[in-house]
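Enquirer: Marked as domain 'TNFR-Cys' by TrEMBL: 505-539, 1129-1163, 1183-1217, 1237-1271, 1291-1322, 1345-1379, 1399-1433, 1453-1487, 1507-1538. Residues annotated as signal peptide in TrEMBL: 1-24.
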Amino acid sequence: MLNQIQWTLLVALAGVICLPSTSATVSRRELAQASGACAGLLACAPGACISSRRGPQCTQCLPGFVPAPNRTRCGCPAGTYLLSPGSGCGPCPMNSFCRPAANTPQPCPGVLVTARTGVRSLAGCVNPPGFRYVPGSAQPSARPCEINTFSLGLAGQTSCTPCPAGTATDPEAPIGEQTNSSSCRAPPGFFFTGDGVYPCAAGSFKAGYTGHNVRCTTCEAAGRLGFTTAAAMATSELSCTALKPGYAPVIRGVTQLASVSVASISLGSLTARLCPHDHWCPGGEAAGQGYARPCPDGMMTQDTGATSPEQCVAPPGYRFDATTETTVECNNGFFSSGWDRAESCTPCGVNPAASDDAVGWHSEGMLRLPVRDPNNGLPMRWLSVRGNATSCFIRRGMGILISTNGGLRAVACPANFHGTPEEKRFGLRLLSCTACPVGQVTSCEGVSNQAACEANLSQYRATYTDLPAGPVAAYFDRRACVHLPGFAWVTASSSNRSFVTSGKCPDGWYSSGGTNGTCTACPDNLMTGTEGAAAQAECVAQPGFSYVSSSVAGVTCPDGTFAEGYSIRSSCTACGAGTGWRSTPMFDLVKPNPITGALRTIKVRGNSSSCWVPPGVGTYSNSGVITAEVCNSASYDASNSIAWGLQPRPCTRCPTNMVTSCSSVANATQRAACEADMALYRNAVSGGFVSRSACKTLPGFGWSGGAAAVLCGIGSFSTGGHNSSCTSCNNEPANFLQTAGMTAAAQCLNCGSFGLVLAADVSTCELPVGSAGTSSGGTTTHLTAVNVSTLTGITDCPDSYYCPGGSPVGAGVPQACPAGITVQAPPGTSRSACNLIQAGRAPVNAIAALLSGTSYSILQATATVACPVGWACPGGTIPSSATPVACPYAPELTTAGTGSTSLLQCDTIQAGYTPVGSSGPILTAIATVAGITGTAACPQDYYCQGGVVTGSPTAGPGIPVLCPGGTGTAGASAANTAENNCQAPPGYAYVPGSPPSAAACPQGQYKAGYNKLMSCDTCSAGLTTSSTGSTRADDCKIIAAGLAPVIASVIQSSPVADAAVSTVTTTQCPAGSICIGGDITTAAGIPVACSTLVVGLTSAAGSDSADDCNLTQPGYGYSAGPPVTATLCAAGTFNAGSNQLACQSCPTGFTTSGAGATSSADCTLAAPGYGYSAGPPITTTQCAAGTFNAGSNQLACQACPTGFTTSGAGATSSADCTLTAAGYGYSAGPPVTATQCAAGTYNAGSNQLACQACPTGFTTSGAGATSSADCTLAAPGYGYSAGPPVTATQCAAGTYNAGSNQLACQACPAGFTTSGAGATTCADCTLAAAGYGYSAGPPVTATQCTAGTYNAGSNQLACQACPAGFTTSGAGATSSAACTLAAPGYGYSAGPPVTATQCAAGTYNAGSNQLACQACPAGFTTSGAGATSSADCTLAAAGYGYSAGPPVTATLCAAGTYNAGSNQLACQACSTGLTTISAGATSIAACNSTLPGYGYVAGSPATATQCLAGTYNAGGNQLSCQSCSNGLTTQSAGASFCSAPPGYYYSSASGGSAVACTSGTYQSGYTSTPASACTSCPSDTQSYAPRTSSSDCYTPTAVAVQAVSANIYTSSTGDATVWQDRSYAGSWSSVVVDASGKYMAAARSSGQIWYSQDKGATWTAIANSGSRNWVHLAMDNTGTEIFGVASSSNAAVFMGTTSDRSTWTWSDISGGSIPVANTWSSIASNGDGTKLLACKTGSGAGLFVGTFSGSSWSWATASPTGDWQSVAVNDAGTRMFAAALNAAIRVSLDSGATWGTTGSSSNFRSIATDGAGSQLLAVRADLVTAGNGVLLKGTFSGGSYSWAQITNAALPLLGNFWTVASSRDGNTLLAAKSSTSLPPVAGDIRVSTDAGSTWSVADTSALLGLLQGDWTDVAVAG
């Protein structure tokens, strides 16, 4: 066994690193020998220890161990070490090596490391990354990689890898960081990409060493907008100092206009902005040439950022003067757009060659030109300049025309015209003088009131004296135009009332002319008969009125008269003789209105055709006079129609013995029925009869057809007043008294005298009401059916019966009252008399009715039953006092049984319930139920057995009982009905017994819920409850002291949530904490860490007091106090902790890596001021002077930065390197620098001094001199002299010395000199000698000045040229005075002063003379100024076109072409749409006049755009395309005039207008030819809008059908108010008509479809249409396609097509995609038959949209739901409508894709639309109280429909309308009634011909059916 010392040593040798064992585990006993000399041998096998001279030796080690070489010990194999006595050997740790049997790892020397564990020897220690391996003779080491190299390490590399070309390492990076190629980076001024390193371009920079994808930063990106760098490879933002061209330097907000001093420039103050307006900026250094320069006087730049003086130009309103190089303001009448160097302004008249164009033009400054502040660009002031064409103006009364010279001429408008009303009308836009309207002049000549007229004209006249032939009068307002008599202002179009024109007063109006601007209407009903009336005296009566005088209104002809009019003698004429004559306004009288422009057509009684008699009136000729009489005296009107005009039509006589009267009918009821029937055939207007059905028989006569009624025979009778045969008497034998001609049924039968009465149908005798029949002398009362012949008397009805009277074999038999019910007041006459019921009984059906909430009557009471449980039946009369009453709180509180008579018997409560009073549940005895207000479930802690609740003095069994012994229930419940329901409450245990009880759970136990558990649950170990009676496991939350709560094996460090208490267990309080015990849901029951109580102290496990925190934590030192404290061990000290010791210090020169060290093993770093050596052994040495170490590292002392040193040894920071090294100079900065002394300076070092300069003229042999003794050489520019004494003298001018030598000054080469003394090299010999010109070369030369040049010498100038245009007489001139001759290309002028001017383009001079320039041949010019010969005249002059010939020619450019000249080009054509004003144009700017059909677009150059459709331009102007007005448009783009579009005619009124075609006319094509009307449609037709072709002409025909055995009816041609019977009887369901009104189709509800091709006159059945139950039809606009749906084919939609209108093809087009369910109700088609909408009605109604595409139909089911009745589609098929009885009208605006509501109410049965879908007509099928079958009109506006009910005298509130129709134009509307409407009223048709504004009853005098029609469908064309 090892003793304690040996064991401690072994553990210390093993270290603290734990690694897995690599050998078999060896026990502690085996490791240590038992005793004796071998006791110290570790791991020696038993018995293998021997003694020797060297001490004990081991001959055999234990398995897994090896012997040392001298066998004095056993140890671990190589690469492993001893872990611990019980664990064996483990792999040698990282950065160490383990020799055989060493047992302890050896650290690698220095910074060497290992690449793995288990290293066996020192050879496994290699260099770390960033270091190179140094083998060494004693032991290896590692050195950091040099600059610009790197090493991956870990492989013994003896050298580092060089960085790739162009890259470098950061010299400031920490040692050892150069570990891979990424350490090689792009140096400052360069950037690194994947393919190399590149320098930063000029204008960008980069600082520092960077890796991949770090790009250079541009100056702009760095915030240096406008700056660039002087060169590439910049390394700092400080290099961004040069300005870009176009940018100006700014210092503190001020733009610099001169060179900036270097002293004022800093990055904080110098910025840049775009070169300001009116300046130019060449760029460069701000301290050099980079400042902003102002433009020359008066010149500006158009924008900022100018870079050269060429961008300075003349601004708008100015021209450039090339002579003075200034600007000159444009004169009045001129303007300039500017921003160029044009030398002339543009005349307002445009053509400067036409002097007369300038007459009348003026211009003034209208363009505001800013003069801007160069510092902020804001305007400092504004100049008003003539800067554009809008500066030109004319004065009022003037116009602008194109002159014959092509210019724009300003003219004073002539007589009968007026010009601009503006005081100044600006702009160069054509402005024609406006002619006075037709019938107006600018003269008062001939006007009666000349003074007023002249006063009016003078207001609008301007007089000008500055115009040719002045003074000139010009008018400037339309009001200067006055009317001629008979003329006035009239509206030119009824569709545009704002379009007013002058014209003749229309018929019925007059005007006296002059200033009077309106027509005066003749008095009412008078007209003039012609246009242009000038006085009221011309007014006469119009047709239909009688004349009184020209100043009095005409008198309307009354009903029954007419007048043909147009005569002062006109009077009304009676239609004819007799009574019944009527007259209706039928004559169309057209009355124009000059104010509205409308042509109003009114109907008047204007001729005899206006006369008529209504149905029921006959007419006949009496001596040539047509006489009228009412058909009402045994006569009738067989035609049943209106008779128009003065034609005979006599009444028809009734058959013999028949009269048109009911007065002979004796029976009042029958007489009233007769009269009601006759009223059906009496015309309401005339009172006459219109049908033979009005003829009624006399009493005793019957009619069976023929010319007379016959007398009734025996056995029959007739009461009269009808038109049928006699009625037979019945066949009973009793008491018949019959004769011929009987007049009443009573004459057939005698009912006797004992009280029987005659039946209403006079067919038998009956019992009277309230009586029963008797026989056998009254002894037998018959209560069952009996033959009337057996009765002998009658008696009162018995008490329990009621007797309704009537036949004793039928309804008259006495009826028994229900059982239990009797008659209260006999005799009973009806079922309601059975109304008395006994108490305790109820009608069998009363209870069910009361429970369902429905009412019941006596008639429902068929029997009685005992009053049921839960009800009280008081008895009495039904239904008042006998009504059963339910117990108010049933079923819980009810009666004990049936037959209850009072609510006081509702005293029995169900088990589980308690009665409730005003204060809650009733828990004590009560005497009566009167105080009960309700019931409730049995209350908590009670049980309720149920039963009677009343009882006194004790409670009844129905009162709740309290649970005994502390037991209770969980809550109120109807289930608690017995004591057995009582349980122990939460926190209590159940104690059985009689009665049972409950005991509280003791502390530490708990029980949840109500139950009968007899024990409580115990808390977990270590936990208890706070008291007795705990109810849940969560109450177990009190923990004992010294224990800690645990959840899921985790000790809780914060209070436990209540929800988690049940999951808590306990454990011993952990070390480092204390547990005082308490509630674990609070802090009291949670462990408290010692660290929260006192810093640095800990505790042992199981601690329960703060006093137990008395041991130090590792890294803390102990202080006994008081109080006891622990302090963190400072850096350089340590403590292992868990003790009460202070911190211990590290060995000298060592420190720890920080505070809190726990062991001396932590003292591994050098202390500050010491250098680290890895050894072995590891040592630290104080840093020598000039070196430093911050400490806390394993680094050697670092050398100070180059040029610096420290003040002594032990420096800790580079900050201590504050003194210069010898040969370096100090600079205080910032930053502080030390720079090697340059040649010529020196410093001894160890100070903070700059380098000292050598004595004047001397220098050193190089940099880094340390003393003045080093100054032994001549400085540059000085000559050396060896002396004595030694001197250095400055080199004189013309000599030089490079210095740094001991030589004298050298002379310059011949012909050169220096600029002064002190030159240093031959390169300083830079100045030319006098008389020579300098050339910079290379090489630099000096050459004698040639002729035309001179030089004074002593400079670096080339020979200077003579002044422009001059030369010398020879070479070698020294002064400009020798320049006396004109140079080639210049012209000489003798002056004074003498000048030479460069020959302008188009001239030339050979020079060397004193001659002027010569002109080129006409049409030619030179390529520029300065030509020297006529041979230079090779280019076309401006305005000429070049032709290469031969011969070469130049021709003046024709109009529409141009040439700028100075070229060899032909004349260029203007761009599309433009031309020039004249020939000889020189630039594209002259292309400024439009061609016809093009609009002008101003610009540089101007362009022209082809006029869009609807716009025009006549051309020859600078106007944009003008929009056509007054309804005119163009046929296509590029128009030069406007036309009236199709559907309109062209009127010359107001300069041209489009007038819409009226109904009945049309106009195709575009026209600009004046006309007075459109082309007329054929007679009897109208036309649809837009009325563009004859196909729009139609006949406004309507058609209607009835449902039951009726004919087809159509309206008269051209009038939807007059109808005709077309016969063709049948039960018709639907009818349709095409757009023309010619083609119609009608469907029989059970039969075929019929077709008409002649507006309904004749009809033919379409045989193959099939005999189906057709419901509804639709038709396309051409009538060649018919669509239909039938109730017999609910899944099919049928389509019939025809090409010849005689042969039809039918097919089912549904495609099988429509469900069979439900019934079709309607179908509609668009105009071309490609879009269908069909609907079904019923429980699963639906909408179906059909679309024809290609060659087939497809169907889609629309989303809306409703009981669909009717559908409609507009012509385009885009708008669809559906009406339903149970929904609002739905609309789709996208062909059925989506649907919305139209804002209408619901309940619609029919709907119709116009062709556009913008006007709807619908029938609302409301109840009678809301107006049944009323009409509503829907109007589309703003994207939605608005609805309004149509109210009109012809439309009663109870309209009873069934179906509606609308024409395509929406003007003609039909509404048809139906007798199936509620209430049933005979139907008719109402018509509106003005889109629903007014309505009339259809003239149906010819149609009996129309008076009582059951109309199923109507349709109308138009």
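Glycine is no exception: its Cβ is also placed from the backbone N, Cα and C atoms.
These figures come from a predicted structure and were not determined experimentally.
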Enquirer: Mind checking which residues reach the domain 'TNFR-Cys' (1453-1487)? Cβ under 8 Å, same chain, six or more beyond either end.
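Expert: Beyond its ends, the domain 'TNFR-Cys' (1453-1487) has Cβ neighbours at 350-351, 353, 402, 405-407, 1401, 1421-1424, 1434-1444, 1493-1496, 1500-1506.
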Enquirer: Determine how many residues of the domain 'TNFR-Cys' (505-539) DSSP places in helix, in strand and in coil.
Expert: 3 helix, 8 strand, 24 coil
Enquirer: Can you count helix, strand and coil residues in the domain 'TNFR-Cys' (1291-1322) using DSSP?
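Expert: Computed counts for the domain 'TNFR-Cys' (1291-1322) are 1 helix, 8 strand, 23 coil.
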Enquirer: Could you tell me the mean pLDDT the prediction assigns to the domain 'TNFR-Cys' (1507-1538)?
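Expert: Mean per-residue confidence for the domain 'TNFR-Cys' (1507-1538): 89 out of 100.
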Enquirer: Work out, from DSSP, the number of helix, strand and coil residues along the domain 'TNFR-Cys' (1453-1487).
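Expert: Here the numbers are 3 helix, 8 strand, 24 coil.
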Enquirer: Is the domain 'TNFR-Cys' (1183-1217) packed against any residues at least 6 beyond its ends, judged by a Cβ distance under 8 Å, and which are they?
Expert: 111, 175, 1131, 1151-1154, 1164-1174, 1224, 1233-1236, 1245-1246
Enquirer: What does DSSP give as the helix, strand and coil breakdown of the domain 'TNFR-Cys' (1507-1538)?
Expert: 0 helix, 6 strand, 26 coil
Enquirer: When DSSP states are grouped into helix, strand and coil, how many residues of the domain 'TNFR-Cys' (1129-1163) land in each?
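Expert: So the counts come to 3 helix, 7 strand, 25 coil.
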